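Novice: Pulled the feature table from TrEMBL, pasting it below:
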- 18-37: transmembrane segment (TRANSMEM)
- 57-78: transmembrane segment (TRANSMEM)
- 90-108: transmembrane segment (TRANSMEM)
- 115-135: transmembrane segment (TRANSMEM)
- 141-164: transmembrane segment (TRANSMEM)
């Protein structure tokens, strides 16, 4: 398949690499969701949450869109020289992705709201760093693809911090209300 590259020239799309780039964040998100489904039905329902908590059904579609855009952005960066020329931008992307995947078990599985709060703060910083690393490589497309993710994680950060502060324990583990 032929498409235009970032400079307007025709470029070949490596569909296999694009699929892998999109599948990695999607697989992590799906894995985290499957691993914590029971906790969402039990523990998460019972803790204190703010009135501005989104409905549970919204998380799946939002994360699917965000993970797809993240994967596309990483593919576009990879396409501009692979891991040899884009090692730093892709490493920073990998860091934020690892922090993203870590948040789910910290929050939902082990109920460590203190650690989940620290993780999401680090994730937010890593997303900003990813945007800063990706923008020189793929231009404003980095903003288009990653600013929705940053906005959602900003909201999720506020939600995580609120839940942590309103479900306190001495160990950082939230107990059911």
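Glycine is treated like the rest: Cβ placed from N, Cα and C.
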Novice: Below 8 Å between Cβ atoms, which of the listed ranges 18-37, 90-108, 141-164 makes the most pairs with the transmembrane segment (57-78)?
Specialist: 18-37
Novice: Do any residues of this chain, six or more beyond the ends of the transmembrane segment (18-37), have a C-beta under 8 angstroms from a C-beta of it, and if so which?
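Specialist: Same-chain contacts beyond the flanks: 60, 63-64, 67-68, 70-72, 74-75, 78, 97, 100-101, 104-105, 108-109.
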